[in-house]
Amino acid sequence: MFLLYLFTSFAAVSGVLGSSPSYNGLGLTPQMGWDNWNTFACDVSEQLLLDTADRISEIGLKDLGYTYVILDDCWSSGRTANGTLVADKEKFPNGMSHVADHLHNNNFLFGMYSSAGEYTCAGYPGSLGHEEEDAEFFASNGVDYLKYDNCYNKGQFGAPETSYKRYKAMSDALNKTGRPIFYSLCNWGQDLTHYWGSDIANSWRMSGDIYPQFTRPDSRCPCDGDQFDCAYAGFHCSIMNILNKAAPMGQNAGIGGWNDLDNLEVGVGNLTDDEEKAHFSMWAMVKSPLVIGADVNHLKASSYSIYSQASVIAINQDPKGVPATRVWRHQVPQTDKYGQGEIQFWSGPLDNGDQVIALLNGGIKPRPMNTNLEEIFFDSYLGFEQLSSNWDIYDLWANRVDNATSANILNNNSVGNATIYNATALSYKDGMAKNDTRLFGTKIGSISPDGLLNTTVPAHGIAFYRLRRST
């Protein structure tokens, strides 16, 4: 009954708002930015945030769209006698307003963190029961984004309505401040968040915490396969584990409210280049937030060239806002040392009539893979124009910035003469309308109504294409 109420109320609200499906007008495309947790955890400071922001700007990532700088847990030293949150003066000697001002003056947006519990996950003061005063603290300090966790929640979970009410309290408090604040739930998908998240928030985590492994199982992430409704979400979840859990959820996300598959592990740990490309591509394709988890001051050239791949980012920022669908998934006999091995095909519509597709190889050996128009346009039927048209195939990674150019940018702390896309000067939407070639990849062939798209996909890798109707 609660879920039926949510669907009914959302439909009514949508009818009133009309022009925007977002509950607060934010999140019309998935958020992009940087969060300190994956690399630095509690080792946070004013200097870290400001130096990171400067670096993101200097190497062109801000102009690619990575505009949120998000301070995660461990920033507080407690509360005053009247209950107001206090920033740790050793870590943040000039206070949070100073951080916000510096970021805003450099065209960034400032994110902070709390938990819908008595404490945060690291044991600092949480916001459960303090929603209004904490929302006012965030607003008065110029915060533009709140990541809201799920630790120490005093048992207030176990049914969708219970979790919904706990998270709605902060949603209402943020809205009451009058400041536009992007609201990012981090409740690990507990209590079917994908059903009710968009009613009160702009994004919601849908699994346990990620770690930089492509397929490796971990007992601390107990649910596997397509088990998206986990009683215990855990942490140390691999990239493929999270992706498989997300597969059925795309139908519940869209403009204003996004499934969050967790921060990006590109440049974190020891993922291969093919694994990092597949990870970034799939997060982009399912319209997950693109939040950098790496130390951008010590980024490999190859990882930088992934984060700066505008043709892939354009898939994520496509104004149609429709997450791709997994069309098929098959196990393969060539498994890795963890017993993991599978192949998948994903497809999704784009704003201008294009289609994005991915052939994903989770096996340990390079593999010939193919697809056809019936699979690509899986919801079409005989007689549909999509199935009777010829389509040009564009490789979304073929125009990737080479490692030498990337290294030069990183070493010189400047984009210089490199042709890195600038979404500040020309948005992805406008760039696509103007047919900016950097957003479409490189044409490699075409497919006819009765043809096959054939390719060889590397181990733990991806073939990632945009299809455009032939003219």
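Yeah, the Cβs are placed from backbone N, Cα and C, and that goes for glycine too.
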Answer for the disulfide partner of CYS237 (Swiss-Prot, candidates CYS186, CYS221, CYS223) is CYS221
On a C-alpha basis, identify the one among CYS42, ASP73, ASN403, ASN454 that is nearest to CYS230 (disulfide bond); the candidates are the recorded positions. ASP73
How many neighbouring Cβ atoms, not counting its own, are there within 10 Å of the Cβ of ASN403 (N-linked glycosylation site)? 14
Could you work out which of the disulfide-bonded residues (CYS42, CYS151, CYS223, CYS230) has its C-beta surrounded by the smallest number of other C-beta atoms within 10 A? CYS42
ASN454 (N-linked glycosylation site) versus binding-site residues ASP73, ARG205, GLN251 - nearest by Cα: GLN251
Measuring Cα to Cα, how far is ASP149 (active site, nucleophile) from ASN403 (N-linked glycosylation site) in Å? 37
For the recorded positions listed (GLN251, ASN412, ASN422), most other Cβ atoms within 10 Å of the Cβ sits at ASN422
